[in-house]
Amino acid sequence: MLRPLEKITREKYKDFTFDHSYWSFAHEDSNYAAQEQVFADLGLDVIDSAFEGYNACVFAYGQTGSGKTFTMMGSSEYQGLIPRICRHLFSRVAAGKESGASYRTEVSYLEIYNERVKDLLASDAGHSLRVREHPKLGPYVQDLSKHLVSDYDDIQECMHRGNLHRTTASTQMNDVSSRSHAIFTITFVQASYLRHNNMPSETVSKVHLVDLAGSERADATGATGQRLVEGAHINKSLVTLGSVISALAESSQPIEARVQKGQKKVFIPYRDSVLTWLLKDSLGGNSKTIMIAAVSH
C-alpha cells in the first residue's frame, strides 16, 4: 500500500512509504515473493476484518500488463488473492460452526466497462445496470444479482463463470488486456447469541475484491478505434481514483493546516466516475482498504 508523501509533480523522483514490497519477476530469484506470501501478509487481514464485523476492500493498481489480474485472480497453478481469501474464509466458517455460530455468504460479480455496469453472473450479462445511492446504505447497483454460496466450490464456479464474461482484448503491451474494472463482492453475515444476555446478534460485513483495468498510453498500446475509446474511459476512472485519494488525504489534515492553504472544506469527487462512486464507502467510509501497486518498467 503506497502513500504519497508529497503532492504529485512532474519531478523525476517521488518519495513514498509502503507496508510491504514484493519482487515477483523470476521464481528462481532469492527475493522472489510467491502468491502465498502476498496472501499471508494481506489476505489474512481481510478475513480477520470480515469476522470482526468490518468491511474490507483490496484493489490492484498499475499499468496494463504489470500483473494486477495475476495478483488478484492468479492461475490454476498459482492462485491469487481472491481465490485464496475465499478458500480461507470457508475454512474459518467451518471452524466457527463447531462453536455454534451460523453464517450466510452471498457473492456478486460486476464489470465496469466504458463507465457502464454489467452483471457478470446474470444470464443476460450484456445488460447495463444503474448505479444508485441509498441515504444510509450508500451506493449500490440496482438489480445486481446476488448468489448464495455454501462452500469454496460454489464461489469458484461463480468466479469462473464471471471471468468468461469479462471484456478483454489484445494490445501491443498485453495479449489479454482487461478492458474493464471488475469487482467481486462477498457479503458475509454472522449470526450468534451474545454471551452476557443470550440475545441473538447478527453482523454483516462486505469484502470488495477489485481487479482494475490497467492504465495505458495510446502510443504504447497502439490503440485505435474501440480500443482507444476503452483506454480513455479506463484512464478517466483511474485519474478520478487518484483525485479521490488525494482529496481524502487533504481532508484528513488538521483544519488549521487546511485554513492556511485556503481549503476550509475539501470536495471528494466520488461521482466523477462509476468506479469511485461504487467504492465510496471502501475509500472513505467504514472499511479497511488495501491498495496493491503493480510496478513495471
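Indices start at 1 and increase along the chain as displayed.
Cβ coordinates are placed from backbone N, Cα and C, and glycine is handled just like the others.
TrEMBL labels come from automatic prediction, so no person has curated them.
Lifted from TrEMBL, the feature list:
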BINDING   GLY62, GLN63, THR64, GLY65, SER66, GLY67, LYS68, THR69  ATP binding site
DOMAIN    1-297  domain 'Kinesin motor'
Reduced DSSP assignment, THR69 (ATP binding site): helix
Lowest local Cβ density (other Cβ within 10 Å) among binding-site residues: GLN63, THR69: GLN63
Averaged pLDDT, computed only over the residues in the domain 'Kinesin motor' (1-297): 82
Number of other Cβ atoms within 10 Å of the Cβ of GLY67 (ATP binding site) across all protein chains: 18
Lowest local Cβ density among GLY62, GLY65, which the record lists as binding-site residues, within 10 Å: GLY62
